[in-house]
Each structure stands twice: as structure tokens, then as C-alpha cells.
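S.K.: Take a look at this one; I'll ask things after.
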Amino acid sequence: MLYYGEQPLRSHFRPAETEPAPHIQGKQKGDKMNWYLTVLKKYAEFSGRARRKEYWMFVLMNFLVGIVIAFIGAIIGETGGLISVSLSGVYSLFIFIPSLAVTVRRLHDTNKSGWWILISLVPLIGGLVLLIFMIMDSDPNTNAYGANPKAAPEPV
């Protein structure tokens, strides 16, 4: 309660009216989906480079789609039934070429030939080697496969 002539307490500090930090500026809620759609737009493009974020957001979205398909099968009351197997089969066929393409572009980003994707055919160790290649940081310089994609603006 204020008495006549009293001023309410005020802060002597005003919040700074600044713009967001550069890495936050221009970000929108659907960033993960934009990375996924970027890969789909480059459906069968095996040339060029793909940064880690592009690759791993694509993997994450595929994982989430797999969970949704399994959830749909569970709601319908099937375990490994015809509907969930059909849905996952159709989705796998749809996503097969883009998955290969983004993996090859990711290998290009680490300055490796796309043929290194075949290392995953070696039992046990091949998948681990490919995983390490996918985790590796980009080649910071322009390489035989193009300019560093980190220098390009992110999709919005």
C-alpha cells in the first residue's frame, strides 16, 4: 500500500534493449524439421558436403518417425502386424536414397570419398568406423567436394 506522495520502488537498472546473439538470431521453432526437409530437397544429390547438424537432425527425425510408426501399430493393437510393417517398409523405401545421399555428403565434408560408405558392410567394425566418420568435425577448408558448409547460412 502506498501513502500519498510515496513513489513505488523502481529498479535503477533498465533491461538492455539489444538484439539476440548472432547464433540465436533468425532461429525459428521448426529448425529440426528444416534440416530434415533440406535433406529431402536434395533427394538424390550425392555431390557436395553436408555438415554434422544436417546429418544428425535427419537421423533424429527418422528415429522419431520410427517411434510414431511403432506407436501407431501399438494403438491399433498390432505387434509386428501388417499395418506397422507396411508403414515402416514404405517409409524405409522412401528414405533409402536420401539416407545414402546425406551419408555420402557427410563423408565428403570430412574429406573422404563417398565409397567409404561401403565400410559399413564389414561386420562389427564397419558400422563403428562409419559412425566415427559421421561424428568427425568438418574439414575447415574448401576441399575437393566444395566449400565448407558451416560458412553458409543455416536453413530457416
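Our numbering is plain: 1 for the first residue shown, then up by one each step along the chain.
Heads up, the Cβ atoms here are built off N, Cα and C, so glycines get one too.
Just lifted these from TrEMBL, have a look:
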| type | residues | note |
| --- | --- | --- |
| TRANSMEM | 55-76 | transmembrane segment |
| TRANSMEM | 82-103 | transmembrane segment |
| TRANSMEM | 115-136 | transmembrane segment |
S.K.: State the residues, same chain only, that lie 6 or more residues beyond the ends of the transmembrane segment (55-76) and have a CB under 8 A from a CB inside it; answer 'none' if no residue qualifies.
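M.R.: Here the qualifying positions are 31-33, 35-36, 39, 83-84, 87-88, 91, 95, 98-99, 102-103, 105-106, 134.
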S.K.: Grab the same-chain neighbours of the transmembrane segment (82-103) for me: Cβ-Cβ under 8 Å, and only residues 6 or more beyond its ends, written as numbers and ranges.
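M.R.: Those are 39-40, 42-46, 50, 54-55, 58, 62, 65-66, 69-70, 72-73, 76, 117, 130, 134, in sequence order.
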